[in-house]
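Engineer: Can you read through this structure? Questions will come right after.
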Amino acid sequence: MGQITYVKSASQLICMDGEGGPRTGRGMSRLGIIASGSVVIEDGIIVFAGSDALAEQYLSRRQSEAEIVDARGKVVTPGLVDPHTHAIFAGSRENELELRLQGVKYIDILKRGGGILNTARSTREAAEEELVRQSRLRLDRFLLHGVTTIEAKSGYGLTVQDELKQLRAARALNELHPIDVVPTFMGAHAVPEEYRNNPEGYVDLVVNEMLPAVAEYGLAEYCDVFCEQGVFNTAQSRRILEAAGGLGFKLKLHADEIAEGFGGAELAAELGAVSAEHLLKASAEGVQALAKSGTVAVLLPGTALFLMERPAAARSMIEAGVPVALSTDCNPGSSPTVSMPFILSAACLTMRMTPAEVLTASTINAAYAIGRGEKIGSIEIGKQGDLVLFDADNYRQLPYYYGMNLVHTVIKKGRVVVKGGVLVDG
Ligand SMILES: O=C(O)CC1=NCN=C1
Ligand SMILES: [Zn+2]
């Protein structure tokens, strides 16, 4: 008899069930809400989701064997999914905040050898165990904010060995922490100091040495590139992503974050990338291309806020039929946060997404952005038993109480890992 967890009598059960594939347009507003609903999880997999009455019937005599989680007065959603993080790193860059408040631009800090290169220095110096220790604390905080799966990129090593070290740390965390970690290789995050005068030589290193090594050790599912003016141009980005595709990596792209209409969105769509990320400055043609290719637009309103930039045009993307997902972009330079609940609020307040849309964008659509849409992101029979119980009367309160963490209980693969807003040991 398997381990049964019975999540009982939620005031609102947000199933997010529905047609296959990421949700678009009006589909982003269909949440599949069951008033007074219950979920039964057996051996980590959802075996029932529906009304309380039917749950009682389903369990019948086996209720006595179940661990009952009282969800009365709670809103129950799928575990939140963060599809874009740089969460594996050492050090911090709080000094840059004051620099930027004095008017120094993010990209100029990088050009001066700070920014990503600052974190690269501290990440290269850190042993793998130290990387795991520091990053594990961030994963604990993600869990306390209702996040049960994250994507995690490399890109602070910028040498073959240090990129492999970062990805091994991601693998170790995936094994030792309740949160599932989906790894992305991002050696093309910045050109390191030692290649400052030979950026093409660094692209050669990424293509000829880093990608084959990461593929050989099976350390990443995705390849991502910072396609940006002053970082990697579209020709370099294309070369790296085409090489990655040839080695079996699925593709992502940091696109149109800083320079207007740099062509990242168009490139992501042309290469059939699973997702394009940031898109603050995407062109109208780029948005249309994303809609046509079905590439998920991963929007990062926290980053726009932290960089004091206007956010991505989420409304026109949704209206164009682009599947939209949300993320913290957790990283020490442009978005030092793990709070997906705050990102939901920021998406409403700065990009005019609705409460229903931001929930879809942080669950099922975020799951599809990392290739996990058939496994997580909704409360449906056969999916992984990842749930969050929020202290809220209804789902609209999640983005409404901005800056507050309403997470009460988190269940990961059927096991309670956060209770009363506190991590459960073991
Ligand atoms: O600054 C960082 O560490 C992360 C980042 N990569 C591209 N934009 C922000
Ligand atoms: Zn990023």
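In case you wondered, yes, glycine gets a Cβ from its N, Cα and C as well.
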Engineer: Which one, HIS254, HIS408, is listed by TrEMBL in the same Fe(3+) site as HIS84, HIS86, ASP329?
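Structural biologist: Answer, per TrEMBL (Fe(3+) site with HIS84, HIS86, ASP329), from HIS254, HIS408: HIS254.
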Engineer: Going by the N-formimidoyl-L-glutamate site in TrEMBL, where ASN331, GLY333 are listed, which of the candidates TYR6, TYR58, TYR156 is also part of it?
Structural biologist: TYR156
Engineer: Of SER11, SER334, SER339, which does TrEMBL put in the 4-imidazolone-5-propanoate site with ARG93, TYR156, HIS189, GLU257?
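Structural biologist: It is SER334, as the record lists it for that site.
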Engineer: I want the residues beyond HIS84, HIS86, HIS254, ASP329 whose C-beta is within 8 angstroms of the mean position of the Fe(3+) site's C-beta atoms, in chain order.
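Structural biologist: Same chain, not in HIS84, HIS86, HIS254, ASP329, Cβ within 8 Å: THR85, LYS153, ASP224, GLU277, HIS278, VAL298, LEU300, THR303, SER327, CYS330, ASN331, SER335.
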Engineer: According to DSSP, folded down to helix, strand and coil, what is ASN331 (N-formimidoyl-L-glutamate binding site)?
Structural biologist: strand
Engineer: Hey, for the N-formimidoyl-L-glutamate site built from TYR156, ASN331, GLY333, who else sits with CB inside 8 A of the CB center?
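Structural biologist: So the extra residues in range turn out to be HIS86, PHE89, ARG93, GLY115, ILE116, THR119, GLY155, HIS189, PRO332, SER334.
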Engineer: Near ligand 1, which of the binding-site residues show up if the criterion is a Cβ under 6 Å from one of its atoms? Options: HIS86, TYR156, ASN331, GLY333, SER334.
Structural biologist: HIS86, ASN331, GLY333, SER334
Engineer: Cβ under 6 Å from ligand 2: which of the binding-site residues TYR156, GLU257, ASP329 qualify?
Structural biologist: ASP329
Engineer: Return only the integer: C-alpha distance in Å from HIS84 (Fe(3+) binding site) to GLU257 (4-imidazolone-5-propanoate binding site).
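Structural biologist: Cα-Cα distance, HIS84 (Fe(3+) binding site) to GLU257 (4-imidazolone-5-propanoate binding site): 14 Å.
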